[in-house]
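Below is one structure, written out as structure tokens; the observations come after it.
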Amino acid sequence: MEKHIILLPGDGIGREIIDSAKQVLTAIASEYNHRFTFEEHAIGGSAIDEYGTPLPDKTVDACSKADAILLGAVGGPKWDANPSHLRPEKGLLGIRKQLGLFANLRPVKTISSLLYASPLKEEIVSQADMLIIRELTGGIYFGTPSERTTNGVVDTLQYSREEIERIVERGFEAARIRKKHLTSVDKANVLESSKLWREIVEEKSKDYPDVAVNHLLVDAAAMKLVTQPSFFDVIVTENLFGDILSDEASVLTGSLGMLPSASLRADGLGLYEPVHGSAPDIAGKGIANPLAMILSAALMLEHSFGLVDEAKEIERAVNDCLLQGFHTADIHIPGGVQVGTKQMTDAVLENVTTKSISDSICSSYV
């Protein structure tokens, strides 16, 4: 298989971790007789510095022609005082919108060898294994008007029926191939948009009689995530709620440095990135955890290229590294081997080409 991948290092630790993912993908291509080509472009703060905009036209053009996109991270205090249209985050929001990447998938699965790192008790978090599906291109982040007024401010939450239907269908499809349980999160006791959301979920449920559906208000869902995370299989929700809940859920694993994500459109084009931010405080120090970026590459192989075995090979290699005791600073414990970005990447590369030491291959993150 031959595929062309756009690399968007972005800001902070983005370049360090995206280089790690590129090395692992190159190793996988060699092992499985694929050919991956790479092309790098700017986004976020680095694009502002070089081109005067967080999302250059050449970046959008290249991404629109690619088979998939890997993004490191965007943002940093250097650009915090910029006007809103010149903030790094506008580059990420813009590329999602322009490419029509409407579905954000964030798998959250605790890893047995890292249970110590979770802030929750082991008996609460040990069975957590969920997929959060967040609508990405509608809602209050994109509604108009959004502006300051003479005496205040206005933001607008708006959704079309089509926007809700397509993300809800994605949720049902994901639940159907997992544990057949879909939780829809809304605020239907207050918001008109949520009332329509809930109506559409009920309508679509008739097409998926094999999937059990329940509805939770967003505040109740937030509580249940930390009191009974094993309750959830697939969560589907709108943009703002999904943004907050997915960040909350990411804490269950003990480190943002372990969590990948995918932003997809209907034809399979996807942008893949770690959940964590740009971590400017450790940029250039060689200590960033590359595993979320590497696991994001695994998601890319599975969802955009259909290379399930290759994706599982990466997941197995990451799992074996952890079982061997390799940990970056964010997940380090006494008795383990604390390593930096390069050493952890090298350990993954070593495990990609060796037989698993674990009793069973780790399950897919989705």
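Residue numbering: from 1, along the chain as shown.
Cβ coordinates come from backbone N, Cα and C, glycine included.
What you are looking at is a predicted structure, and each value in this text was computed from that prediction instead of being measured.
What Swiss-Prot lists as NAD(+) binding site is 76-89, 277-289. DSSP assigns Ala279 (NAD(+) binding site) to coil, not to a helix or a strand.
Counting every protein chain shown, the number of other Cβ atoms lying within 10 Å of the Cβ of Arg96 (substrate binding site) is 19. Sequence annotations record features per position, and here Swiss-Prot assigns substrate binding site to Arg96, Arg106, Arg134, Asp219 based on sequence analysis.
Residues or ranges marked as Mg(2+) binding site in Swiss-Prot: Asp219, Asp243, Asp247. Taking all protein chains in view, 12 other C-beta atoms sit within 10 angstroms of the C-beta of Asp219 (substrate binding site).
Counting only same-chain residues at least 6 apart in sequence, those with a Cβ under 8 Å from the Cβ of Tyr141 (site 'Important for catalysis') are Leu93, Asn239, Leu240. Annotation source Swiss-Prot lists site 'Important for catalysis' at Tyr141 (among others), citing sequence analysis.
Marked as site 'Important for catalysis' by Swiss-Prot: Lys187 (among others). For Lys187 (site 'Important for catalysis'), the same-chain residues 6+ apart in sequence whose C-beta sits under 8 angstroms from its C-beta are Ser194, Leu217, Val218, Asp219, Phe241. Secondary structure at Lys187 (site 'Important for catalysis'), as computed by DSSP, is coil.
Nearest to Ala279 (NAD(+) binding site) in space, judged by Cα atoms and limited to the binding-site residues Arg106, Asp243, Asp247, is Asp247.
Each of Val218, Ala222, Leu240, Phe241, Gly242, Ile244, Leu245, Ser246, Glu248 belongs to the same chain as Asp219, Asp243, Asp247, is absent from that list, and has a C-beta within 8 angstroms of the C-beta centroid marking the Mg(2+) site. Sequence-distant neighbours of Arg106 (substrate binding site) (same chain, 6+ apart, CB under 8 A from its CB) are Leu131, Ile132, Ile133, Arg134, Ser246, Ala249, Ser250, Leu259, Pro260, Ser261, Val275. Other Cβ atoms within 10 Å of the Cβ of Asp243 (Mg(2+) binding site) number 17 in total over all chains. With every protein chain in view, the residue among the binding-site residues Asp80, Asp247 whose Cβ has the most Cβ partners within 10 Å turns out to be Asp247.
With every protein chain in view, the residue among the binding-site residues Gly76, Pro88 whose Cβ has the most Cβ partners within 10 Å turns out to be Pro88.
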